[in-house]
């Protein structure tokens, strides 16, 4: 594992991603849901909305870093708001 | 008949998951780890946080390469997609000449990237290349090693030469799948050639065309070998596309941290564009049937 140059923050990052995926997989099996149409006019399931959230969050973080460049943790608050919006309306 | 639902079937894809983890997921995780650290070799790493990302986001070099990359992809898509459709529409639909055309069109696709690069590198040379020599003899100034415009024209024409037939083959497959009844109905209605194309052929080709656009976009966005062999990214940095810049940074300068941050952003851009294409494609299919 040493060659992978692990650090605690990146390890925690991947653990969070992996557990989110696990939780959503279990949810999809236990409570299957029909796709629904949202503001983007495309059919999405919970998994799709998670993907949109994660990908969007990556860009929100990069934009924050590029434009504001300080107090990066606050970008996560924006991401949470974005996630809530995606799960509510997309 | 209902499909049998058995979640244990997921275990059958386990070998693929292991393979993908080994060849893609674990290396990608390593890249993420590199992107937040600095190294001076010897496998010793120092934590730097998001510094590399910040540096890359403010790096003119990266934005310039991204701009060139988007321009390159936009130009080749604007040329190759209409040209491919045009070629497919004019191909013989059956018989010996149809097969002959198909084989001839597949030939450029079978040539390895570096060979295509070498062919064009020599073809365009003013001293020994047929194209370069002819243009020079006609009095047209053409030198892809010194002139930016000539370098761009060369790599674009080369890509069109290499990949238009892929679009044409896909469009041809789409055209072949249209039943004759549609054309007969159009004939009864005395539809014009344009109307047949607009209301029968184009909608029926939409699915394969989206695949063609996606494939051509991805390939052109990640292109490395051909322009590298022909121009080496020059003159100056004029044809340094994203992956050429990335390789320079990662292997030429061995700046692992910045290169890793760069790769992750490159990856995210590709991911979002592919997702948009994929979503549009699946929605088209749903609308059709």
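If you go along the chain as it appears here, the first residue is 1 and each next one adds 1.
Quick reminder: no glycine exception, Cβ is built from N, Cα and C everywhere.
According to TrEMBL, the protein carries these features:
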- B:66-277: domain 'ABC transmembrane type-1' (DOMAIN)
- B:12-36: transmembrane segment (TRANSMEM)
- B:70-89: transmembrane segment (TRANSMEM)
- B:101-123: transmembrane segment (TRANSMEM)
- B:149-175: transmembrane segment (TRANSMEM)
- B:196-218: transmembrane segment (TRANSMEM)
- B:259-280: transmembrane segment (TRANSMEM)
Would the transmembrane segment (B:196-218) count as touching the transmembrane segment (B:70-89), if touching means at least three Cβ pairs under 8 Å and pairs must be 6 or more apart in sequence? yes
Which listed range (B:12-36, B:101-123, B:149-175, B:259-280) shows the maximal number of Cβ pairs under 8 Å with respect to the transmembrane segment (B:70-89)? B:149-175
